[in-house]
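Below: the structure, in structure tokens.
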Protein chains: 2
Amino acid sequence: MAITVSPLQAEANRLRLELQTLQAENAAEPIEIGNYLLARLEQLKVTKMFGVPGDFNLGFLDLVEDYPTIDWVGNCNELNAAYAADGYARVKEHSIGVVLTTFGVGELSAMNGIAGAFSEMVPVLHLVGVPSTVQQGTKAVLHHTLSDGRFDAYLKAAENITISQGLVTDKETAASTIDRVLTDCITKARPVYLTLPTNMVFEKISSERLKIPLSPAWPLNDPDIESFVVEEIMKLATTAQDDMVILVDACVIRHGVRDEVNDLIEKTGFPVYAAPMGKTAVSETYERYGGIYVGSVSHPDVKEKIESAKLILSIGSVKSDFNTANFSNRSIPSRTVELHSDHTKVQHAVFPAIGMKQLLPRLTARLEACSAAARKIPIPDPRAVVPKEDNEIITHTWIWPRMGNFFKPKDVIVAETGTSYFGILDIPLPEKSILLSQMLWGSIGWTVGSTLGAAFAVQETGLNRTILFIGDGSLQLTVQELSVMLRHGLKPIIFVINNGGYEIERCIRGRHRKYNDISNWKWTGLLGVFGDPSLSQSYTVHTKTELSVLLDSASFAEAGKIQLVEIMMQTHDAPRALKLQSSA
Amino acid sequence: MAITVSPLQAEANRLRLELQTLQAENAAEPIEIGNYLLARLEQLKVTKMFGVPGDFNLGFLDLVEDYPTIDWVGNCNELNAAYAADGYARVKEHSIGVVLTTFGVGELSAMNGIAGAFSEMVPVLHLVGVPSTVQQGTKAVLHHTLSDGRFDAYLKAAENITISQGLVTDKETAASTIDRVLTDCITKARPVYLTLPTNMVFEKISSERLKIPLSPAWPLNDPDIESFVVEEIMKLATTAQDDMVILVDACVIRHGVRDEVNDLIEKTGFPVYAAPMGKTAVSETYERYGGIYVGSVSHPDVKEKIESAKLILSIGSVKSDFNTANFSNRSIPSRTVELHSDHTKVQHAVFPAIGMKQLLPRLTARLEACSAAARKIPIPDPRAVVPKEDNEIITHTWIWPRMGNFFKPKDVIVAETGTSYFGILDIPLPEKSILLSQMLWGSIGWTVGSTLGAAFAVQETGLNRTILFIGDGSLQLTVQELSVMLRHGLKPIIFVINNGGYEIERCIRGRHRKYNDISNWKWTGLLGVFGDPSLSQSYTVHTKTELSVLLDSASFAEAGKIQLVEIMMQTHDAPRALKLQSSA
């Protein structure tokens, strides 16, 4: 998720930036504050800006619309826009997502989406067009205010769900404020909040600072402590007689160490497993990949392999309830080494400010020697087999392995926190495919916006299809964003699981309660209402055969237009992992 | 909006409540905390609860579903649910709106809706199902958390947009906490925030306190100061030689003094005008009603009458930008008396804690003597005339007076902050009709949710039809809530102004910018997708004649099923008031 430079290079860049600014305040061409910000976003490889126009951001939108390399994506509402920025950032790993809203009404609508990016560590800039500094000073009862003169109320709310905040209030500090929040965003992989008053957008400032791109301010590991940590880990590896497994999780993706981890697993050959949130952090077709470990909900053979290993090297773990089957993972501290973005934990000892970005290559160099032994450690076969069932009902036990055969390399698969996510957890995905889910934050409806953002990123990054799995209950929350996909010519495949309500909640409580029911929409009519019917295709499938025939159809599989497939499934059917999780 | 008791009666009730609780802690039947809360809501005449189920509120939802007098309205998403609670409270004036969400994901999605209720002074309870007090104590990384152990982050965010907060944390204080936030809600006519942990819902407490209903804690005017204020006002009235006008605004409705104001205007006969946010606070068919005063945007005859009056009695005013045409109202302090819920202002002198609820009857008694003179003061004729235009284009100058002929007594008319609201401003509405709008907060899309809530309240209060006016841009934000109307058999008439985008923004900036365009939906296909097509009817009208024929059709006008009318209008056409307002 972070920028591809080394920590040392990043630090040098930042120092040079400060120096150069001091040296040559007046040398460069002046630039509007709004365009300064856009230039910074362009440097961060941002090509899409999500959001909704509102009267306090219209001036800035003029600049966006005229900016050659950044496209405005007008969303239907702000929550969906925030979700889209999140999905975009997840797929476009060395960039950030940007959502633009307006003061009060717009920004508060986006809060859940921004909080989700915080929870799940996704770098998103929430940019808010606000009243002019003059208007704010008068404390007047403007529209979009709380009618009591408090112009800082929304900032105070945002402070709880963003890692850094910046208010552009004058020409002198505008550039450094913008640079500070963007640097925090790419360093910490969390959302940041920036307000742009209407009277600041066109003010001109020096463009000097733009000559040096922003770099993340990762911790520079102390070499002595880092060496000490490496030795401590090697001692444990020796004691374990190379009986070690590697467990990867979400932060491998979020904190930009995919390459370092791949280097480690390929050079050492230790068995590698993934936690649910780390699914697709490493290739699931890699020969030493053994499957998903999620505590008591794991497949028994995976569970046994992990929990009996003498040493677990855990990389980028996120210890949330769903990611660990209610904290049932038994990777007890005395035989675990944890690598994180900003600290390392060896057994019980915590080493602050020793980050994995630098530590991983050193570990790989030392552990390479174990390769021969490591490659002999057996792993389970993670492949999923389509079960033979003697009926035509589309069941969860059948559909997910069947979908496994439909996926192709480089597909981006988005799975709603519900039956979809728990179903797909058990299916290994193809090479270079990416799974997007929001297991920790778990906001239903998130996948619709994030599919929109992901589909844009897919276009830019040479990935394959964008495929969404969502339940009928979740889709109702954010459905209008399908029309934005249509408007921009995006062509995701959308599988809608129609089981008449909120099935994940039925698993938790209220199995026969009315509050978990929803109204039954005519799903196949939706896309035709949201755009030109010739640009989309919708289907309903009731049986295994119907679904299989559709999946096998070449024209369907090539995804030449946006497609929606309503899959009729049974109320009270749920995937294995969800049933186990909710009973745990 | 507040409960119909006198301030003194209210104060006595609250004292009795505290006393009785101390006297008889153990006398009454025990009751679950969840049911205690529901009983309080029932006493406040709440019959509908809006929201979305989520795993931390499912236990409480069992109680709601089983509660005989309160119905659960499952909304499509939380923002729409908050809007619905707001609309419900606005129409059901002596009750409150209630929205139930779940921890984090749900409550943050509702924030914009709750903040709007704060800004516009609408009593809404935001009830949030949260993790058990035990789980919160562990600071575990639960789903729906920010993954860093902060369980108070959402409360801190809510503190900025609610007037009072309560956390149910134990049996001992649960009842008093619930009573405190509900009392604040009905006293201050602003939203309040209450969290209900999963392990508290079924805990049993004494039901003793329920024997005394909650009452608003309005200020009890000091009799001596109140007398002094009355004399000060009478001196001004005498000096003005009865050349006085009355100007009513939103707080007449919000703070429950409609009856007192009607008594005043009927007994005295002074000319009465309304600010935009106070439209329908007094009957627009009343013989002494002169129209809407909105500073420089007013009709010239209204402007002249108000601004030349020797004394202006302003009741419940809200001095927001849109409500005053950018503060252009000239009611200069030296000839204005302002009555508010919690203070009075006579010329430049402020009298804190002298509230209008008690002051108004005393003023009426004194001013009654001016009646003969007052009734001679001329007023403009506020009636609107349908203009003759020699074309079939549906224009803003034509459509609003035409709609004026369509409205009936007791209709509830909901107008989106956009061309709809500014259009309807110029049209007097029938007797006992209610106009709902959100001019101060101005969140586009709000009317859809609020129409849902209003339509429920209309059913209960013997009002007539619910009629929504909304632009295509605004409807896209919250469109799914139409399906909830269908599901519950509500029958609003929905007029969709199709002008290809955000017209109100085009008036402000970006007249020819792409960012103000939206995708064109097949609006007449929507209701058929959201529910059984036989339960709804949709129309598109392109010409004046087509629209007139439809409005004159008896079957259309009786609103026997939910109806949607797409009105084709021209991009860049806007109502008079909006053009003036945006240029101001």
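Yeah, the Cβs are placed from backbone N, Cα and C, and that goes for glycine too.
Taken from TrEMBL as is:
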BINDING   B:D472, B:N499, B:G501  Mg(2+) binding site
DOMAIN    B:33-140  domain 'Thiamine pyrophosphate enzyme N-terminal TPP-binding'
DOMAIN    B:243-356  domain 'Thiamine pyrophosphate enzyme central'
DOMAIN    B:436-506  domain 'Thiamine pyrophosphate enzyme TPP-binding'
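Neighbour count (other Cβ atoms within 10 Å of the Cβ, all protein chains): 23 for B:N499 (Mg(2+) binding site). With DSSP states grouped into helix (H, G, I), strand (E, B) and coil, the domain 'Thiamine pyrophosphate enzyme N-terminal TPP-binding' (B:33-140) comes out at 54 helix, 21 strand, 33 coil. Apart from B:D472, B:N499, B:G501, the Mg(2+) site neighbourhood in this chain, defined by C-beta within 8 angstroms of the site C-beta centre, holds B:G471, B:G473, B:I497, B:N498, B:G500, B:Y502, B:E503, B:D517, B:I518, B:T571. For B:D472 (Mg(2+) binding site), the same-chain residues lying six or more positions away in sequence with a CB closer than 8 A to its CB are B:V496, B:I497, B:N498, B:N499, B:G500, B:G501, B:I518, B:N520, B:W521, B:W523. When the domain 'Thiamine pyrophosphate enzyme TPP-binding' (B:436-506) is classified with DSSP, helix, strand and coil residues number 34 helix, 14 strand, 23 coil. In this model, the domain 'Thiamine pyrophosphate enzyme TPP-binding' (B:436-506) carries an average pLDDT of 96. Counting every protein chain shown, the Cβ of B:G501 (Mg(2+) binding site) has 23 other Cβ atoms within 10 Å.
Shown for the domain 'Thiamine pyrophosphate enzyme central' (B:243-356): DSSP residue counts in helix, strand and coil, namely 38 helix, 29 strand, 47 coil.
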